[in-house]
Amino acid sequence: MLSLRSSTRLFCAKRLAYQRTVYSQASSDLKRVFSKIDDLKPRFIKRLKDAVAIPSVSSEPDRRNELFRMAQFIKSESEPLGVTLQQKELGLQDGVTTSKGEPIPLPPILQGTLKGSGSGKRILIYGHYDVQPANLEDGWSSDPFTLVEKPDGRLVGRGVTDDKGPVIAWINTIQAFKEAGVEIPVDLVFCIEGMEESGSEGLEDFIKQEKSKGFKGVDGICISDNYWVGIKQPVLTYGLRGVSYYSITISGPSEDLHSGLFGGTTYEPMIDLTHVLSRLVTPNGKILIPGIDEMVALLTPEESGLYDKITFTINDLKDALGNDTTIHETPKEALMSRWRYPALSIHGVEGAFSSPGAKTVIPAKVSGKFSIRTVPDIDLKKLDQLVFDHVEKSFASLNSKNKLKVELIHAGKWWVGDPNNWNFEAARKATETVWGVEPDMTREGGSIPIALTFEEELKKPVLLLPIGRGDDGAHSASEKLDTVNYIQGIKTMAAYLYYAGK
Ligand SMILES: [Zn+2]
């Protein structure tokens, strides 16, 4: 049996052979750009290496100057290519200080433009230059901030796929057009932020403020900040689930008690909480809160058909889970449950005993945390009310003398675009030209709230154009981007801009 890696290699070899014939369908302009991208490969890998070397971790206040260095790096790499980028300051970060107690500024948003040959189309490119934390002790095979080129083609380092790789890939795309002597047929507008991994603080207000200024006249938005579903098939993403996160706090006795002294004499918050939590969802994922299913958009035959074409097997899911704990038997059911139906997950209990050993405490106050991944057409305000009513009713039925508080901690709305609009059409053609296959049209179970903000504020279509694979391990140890995906991703971006302008 082939290992995953060697079968991937075989697959890549097949792909590369395939490309040569497909490229012949590209225009001569595009072929010149593609061959320039091949020529510049060492330069492009070096650029990514330099980007990875700056540990721009937005969640570590003591590294805030690294975010400013990273912003400066992007500016200095782009400006010789004719991109004017302005560093937009956002003020101080709310409630966060360095270890010395000093307030810290939010990382700047890089906003700018590049004039193309002018087909009239104006495309906004969004990306982020901050990364997740990474330490060698987390299980990295090498220093996370030193890009390593593995013999099998993997580029390993923090941020290679999320999201420095795609951001640098856009810069590379512009360089390739320029050096190939081909004009980019669209105008570009950039919005590159440095707080994505920490809740995109400041970005929403910035978009609202710029929609009538710097972002005026934008025709479409392209976001490259997600991944293929698997490792073989390129995808375009047209939907994301939202998330509404809740907490249920139950408080009882005035302080933690010993069960030997008080067990059997008092209503226990932890017992109440487990009863209430158990009434939220069944073990096979059915949400028990009445009224939610009724808000979910009905499946149309057209949408159902999109799932039939997707290259995904139940074994892919088992591989990702690490064993067979799947709820569903067919890949279609599994994908629909991940992308187009809501899901309720219970995440943890604050205040409960959770260490090894056998402590006989009765916790005085506990908070259960759960979230619901939301989908079209769930109304978030109505959802909150249904959740509150259901939890209060469940608790009331216990006849406990404890106190209940249920609240929403945060919410981000779902997004779904039209996979047949011009923005997706250009990306579909680009993918076919570069990879020689029609991309799968996919949705994602996770959330990128800013996709929806762009669409709602600018009232223009958003496209998600991922370049990395499903096994890249964004946010994990030994995050990687395959060299073939990096280089083909740059070509796909180039072809996308080309077709969007035609
Ligand atoms: Zn990201």
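Placement of Cβ uses the backbone N, Cα and C atoms for every residue, glycine included.
Computed from a predicted structure; not experimentally measured.
Here's what TrEMBL has on this protein:
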type	residues	note
ACT_SITE	Asp130	active site
BINDING	Asp162, Glu197, His475	Mn(2+) 1 binding site
BINDING	Asp225, His258, Thr360, Arg373, Ser447, His475	substrate binding site
DOMAIN	238-394	domain 'Peptidase M20 dimerisation'
SITE	His258	site 'Important for catalytic activity'
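TrEMBL feature annotations superimposed on the structure.
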residue	record	contacts (Cβ under 8 Å, 6+ apart)
Asp130	active site	Ser56, Val57, Ser58, Leu67, Met70, Pro107, Glu193, Gly194, Met195, Glu196, Glu197, Ser198
Asp162	Mn(2+) 1 binding site	Val131, Gln132, Asp225, Gly468, Asp472, Ala474, His475, Glu479
His258	substrate binding site	Thr360, Val361, Ile362
Arg373	substrate binding site	Arg241, Gly242, Val243, Pro342, Ala343, Leu344, Ser345, Gly445, Ser447
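Residues from the recorded positions list (Asp130, Glu197, His258, Ser447, His475) with a C-beta closer than 6 Å to any atom of ligand 1: none. Most Cβ neighbours within 10 Å, among the binding-site residues Glu197, Asp225: Asp225 holds that distinction in the structure as shown. According to DSSP, Thr360 (substrate binding site) is assigned to coil rather than to any helix or strand.
By a simple count of nearby Cβ atoms, those within 10 Å, the most crowded of the binding-site residues Thr360, Ser447 is Ser447.
Per-residue pLDDT, averaged along the domain 'Peptidase M20 dimerisation' (238-394), amounts to 95 for this model. Cβ neighbour count for His475 (Mn(2+) 1 binding site): 14 (other Cβ atoms within 10 Å of its Cβ, all protein chains included).
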